[in-house]
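Peer 1: To start, I am sharing the structure in question, which I have written as structure tokens.
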Ligand SMILES: C[S@@+](CC[C@H](N)C(=O)[O-])C[C@H]1O[C@@H](n2cnc3c(N)ncnc32)[C@H](O)[C@@H]1O
């Protein structure tokens, strides 16, 4: 038996993820085209509103003022995108909590139904977490879960994460996480992918120096696309060195979309970058 070094592990990992099917030149060409149209591109949403059933209890969490400690910007009615224009400081949301506003702060973009973010917040009580989503059943569900568990380190926002990022001060967050973002598989929809140079520059600006951006996806094309975007940005340092994905970390619970991907036979790719 031979002893394997961390570098061996990385090489094996790189081999495991080495794709026979992904055309990396095509990814570079598409990204170069996108970079030439930043103006139009900024107005395009990365999400599409989905309709799914919502329980009465979760609906109540969206509408009842009693949940105001957790749900930051209720809309007062169903079916309306949350307004984030007044949210300019996520740390201040925790001023009156046991952790206070100086605790490590993580923002999760697109938490879906919220199970994985709820688990993370429960497992790391000294860290403050904010989740932002546009999907109301998920917003209601995560709010109700956090309320039932009495979590003081989790806040929930309804709205577009891009608009929120634009409102936040420089170097405001310790971690930004993006788990199983919509893959937007059709070529004409690539511009909606969350991970692009333009949008990731917004993430980089709000991260503290040494702060972390963690993404995961079950779509191989998007995984290599993310690697190309992030390895090419001077604002980010690949925690596993350029060209490599990250081994799946234990602290990331399985998400709903991850489970669905695995059921369909997809692989899973994690990427962790540090802000330079
Ligand atoms: C494919 S789902 C994954 C959900 C969850 N992270 C999981 O793994 O189960 C992606 C989610 O991101 C949300 N999303 C996409 N763009 C967003 C944005 N700009 N702001 C907030 N949420 C967004 C969508 O509404 C959707 O629920």
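In case you wondered, yes, glycine gets a Cβ from its N, Cα and C as well.
Summarising the annotation, TrEMBL assigns S-adenosyl-L-methionine binding site to 108, 133, 160, 182. Residues annotated as substrate binding site in TrEMBL: 186, 218, 255, 256, 257, 258. Among the features that TrEMBL reports, region 'Disordered' is placed at 1-21.
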Peer 1: Would you mind checking how many other C-beta atoms are within 10 angstroms of the C-beta on residue 186 (substrate binding site)?
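Peer 2: Step by step: centre on the Cβ of residue 186 (substrate binding site), count other Cβ atoms within 10 Å, giving 8.
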Peer 1: Identify, in sequence order, the residues in the chain of residue 160 (S-adenosyl-L-methionine binding site) that are 6 or more apart from it along the sequence and have a CB within less than 8 Å of its CB; answer 'none' if there are none.
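Peer 2: For residue 160 (S-adenosyl-L-methionine binding site), the qualifying residues are 45, 47, 81, 84, 132, 134.
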Peer 1: Where residue 258 (substrate binding site) and residue 182 (S-adenosyl-L-methionine binding site) are concerned, what is their Cα separation in Å, rounded?
Peer 2: 12
Peer 1: In whole Å, how far does the CA atom of residue 108 (S-adenosyl-L-methionine binding site) lie from that of residue 186 (substrate binding site)?
Peer 2: 25
Peer 1: Select the closest residue to residue 133 (S-adenosyl-L-methionine binding site) from the following binding-site residues, measuring between CA atoms: 186, 218, 256.
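Peer 2: Comparing Cα positions, the closest of these binding-site residues turns out to be 256.
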Peer 1: Measure from each Cβ of the binding-site residues 108, 160, 182, 218, 255, 256 to the atoms of ligand 1 and list the residues where some distance is under 6 Å.
Peer 2: 160, 182, 255, 256
Peer 1: Measuring Cα to Cα, how many angstrom lie between residue 182 (S-adenosyl-L-methionine binding site) and residue 218 (substrate binding site)?
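Peer 2: Answer for this pair: 10 Å between alpha carbons.
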